[in-house]
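A.B. asks: Quick one: this structure, given as structure tokens, is what I'll be asking you about.
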Amino acid sequence: MAYPPAAHASPPRQPSVKVILTAADVSRVVDRIAHQILEKTQGAADTVLLGIPTRGVPLARRLAARISTFEDIAVGVGVLDITLYRDDLRRHATRAVGPTQLPLGGIDGKRVVLVDDVLFSGRTVRAALDALGDVGRPASVQLAVLVDRGHRQLPIRADYVGKNIPTALAENVKVTLAETDGADEVKLYGEAGR
Amino acid sequence: MIRHLLSGADLDAAAATQILDTAAEMATVAGREVKKLPALRGRTVVNLFYEDSTRTRISFEAAAKRLSADVINFSAKGSSVTKGESLKDTALTLQAMGADAVVVRHPASGAPHRLANWVDGSVVNAGDGTHEHPTQALLDAYTMRARLGRLAGLHVAVVGDVLHSRVARSNVLLLSTLGAKVTLVGPPTLIPVDIAQALASGIDVSYDLDAVLPNVDVVMMLRVQRERMTDSYFPSAREYARRYGLDAPRMRRLPEHAIVMHPGPMNRGMEITPEVADSPRSTIVEQVANGVSVRMAVLYLLLGGNNL
């Protein structure tokens with residue numbers, strides 16, 4: 001027997017979707033982060049960008065492309081797969097392992113900028129730092145994210161943030177990029193829209 | 001992902017390809033400064049070996065350790081097995097010690113299948129009697145793919161003591177699944193009459209090695225398993241070597257790109273001459289190195305998630 005709805009229950013929420021960044025916004029944000037990286041790293045000398053799959057990888061490539069447009073300097077780009085370093089491995093079915101590709105010359109003694117799409121709990125970045133320690137010894141590590149949605153569970157912060165989005169924990173931020181999903185967009189889904 | 005790996009037939013093309021792809025990522029760890037991944041931290045892998053083995057046991061041990069698992073090695077010699085303990089009682093002991101995976105080699109065909117019913121963890125067959133040796137087939141497939149770029153459409157000759165070879169059986173099953181064509185070659189006494197039909201469709205049998213060699217991409221030599229032979233299957237070692245041994249003149253009949261494989265341990269001078277075994281076409285040492293990567297992939301895919 002189904003229970004009747006409680007008298008004080010609120011009406012079911014409509015799934016709400018809000019566009020946070022349009023394609024043009026994403027492009028402007030990437031340009032700005034590229035400028036900020038150049039500024040903070042004295043012209044991106046000895047700097048490599050490492051994208052965290054999935055969407056950190058195309059973002060890292062775009063940043064490198066913009067940096068070389070602005071200052072005519074080639075920045076090394078790579079991919080850092082963090083699957084085997086996750087702290088929730090055994091809470092899910094086995095995850096497929098992806099490739100880790102370091103730029104030519106490696107990362108030893110370099111300034112590494114980790115690139116990801118959304119900064120949330122900070123656990124992905126923690127895993128990335130562990131993975132990084134196993135593939136080399138960078139001089140320093142920075143973090144660039146397209147969106148910071150808050151709710152950190154670890155003492156981690158980003159050096160470059162495309163946009164800060166205040167969110168409720170139950171909300172969901174979805175980044176799509178042309179390379180992986182066909183179009184650039186950042187959307188915020190409300191509780192019922194998850 | 002499957003829970004146990006007991007047979008080459010446990011894997012469909014997608015699962016086998018996933019293992020090979022994962023192994024390719026695991027292989028990159030061997031070239032790093034820190035040759036270790038944290039994926040299986042806190043898991044226990046027991047190597048349960050009732051038969052002598054060098055490369056398989058060491059390979060599984062290295063694989064488990066590179067994934068940060070705890071490894072317990074058990075060999076029948078020097079254990080309570082010599083006092084008459086049964087496989088089941090040994091299994092229950094391991095179970096009580098909390099083994100997450102049991103890698104088992106046993107002289108009786110089917111022992112790993114029995115074991116899989118007695119323990120909660122994953123069971124990996126590391127060779128059972130004359131039955132199967134699936135991780136060897138996976139590392140052979142990985143080696144072929146790494147050397148020749150593909151598996152589908154390859155023509156593989158498996159030569160020698162097919163009757164007693166668990167390597168041959170697992171390879172036939174896995175290679176057929178992955179789209180390669182297999183021809184079994186050897187003296188009629190060492191190739192069971194109905195094996196081609198029994199294992200997989202599209203398997204050819206030939207008794208003439210020289211006729212097969214010009215048409216293959218891979219020739220896999222099998223060890224003549226004297227210790228399992230209860231009859232005289234061929235008149236003399238010398239005659240066997242003359243008809244089915246791979247020597248330099250025979251190797252020259254192979255196409256330019258073809259590779260020579262052997263699961264080891266080799267009887268040099270019997271099924272393969274030292275000249276061939278040590279030639280650039282031989283992948284025998286590569287197979288050992290690839291074995292660690294492939295076994296890392298298998299252990300990770302069986303134990304990495306919550307699919308226990």
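Every residue gets a Cβ built from N, Cα and C, even glycine.
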A.B. asks: According to TrEMBL, B:Arg55, B:Thr56, B:His133, B:Gln136, B:Gly264, B:Pro265 bind carbamoyl phosphate; which of B:Arg32, B:Arg105, B:Arg228, B:Arg238 is also listed for that site?
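C.D. replies: Candidate in the recorded carbamoyl phosphate site: B:Arg105.
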A.B. asks: Compare the Cα of B:Arg105 (carbamoyl phosphate binding site) against each of the binding-site residues B:Lys83, B:Arg166, B:Arg223 and report the nearest.
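C.D. replies: Ranked by Cα distance from B:Arg105 (carbamoyl phosphate binding site), first place goes to B:Arg166.
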A.B. asks: Using a Cβ-Cβ cut-off under 8 angstroms and a sequence gap of six or more, which residues of the chain neighbour B:His133 (carbamoyl phosphate binding site)?
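C.D. replies: B:Thr56, B:Asn125, B:Ala126, B:Gly127, B:Arg166, B:Val167, B:Arg169, B:Ser170, B:Pro263 - these are the non-local Cβ neighbours of B:His133 (carbamoyl phosphate binding site), listed in sequence order.
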A.B. asks: With every protein chain in view, what's the tally of Cβ atoms within 10 Å of the Cβ of B:Thr56 (carbamoyl phosphate binding site), excluding that atom itself?
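C.D. replies: By my count, 25.
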A.B. asks: How do the residues of the domain 'Aspartate/ornithine carbamoyltransferase carbamoyl-P binding' (B:3-145) split into helix, strand and coil according to DSSP?
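C.D. replies: Output for the domain 'Aspartate/ornithine carbamoyltransferase carbamoyl-P binding' (B:3-145) reads 66 helix, 27 strand, 50 coil.
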A.B. asks: Say we define neighbours as other CB atoms within 10 Å of the CB. Which of the binding-site residues B:Gly264, B:Pro265 has the fewest?
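C.D. replies: It is B:Pro265 that, of the binding-site residues B:Gly264, B:Pro265, has the fewest other Cβ atoms within 10 Å.
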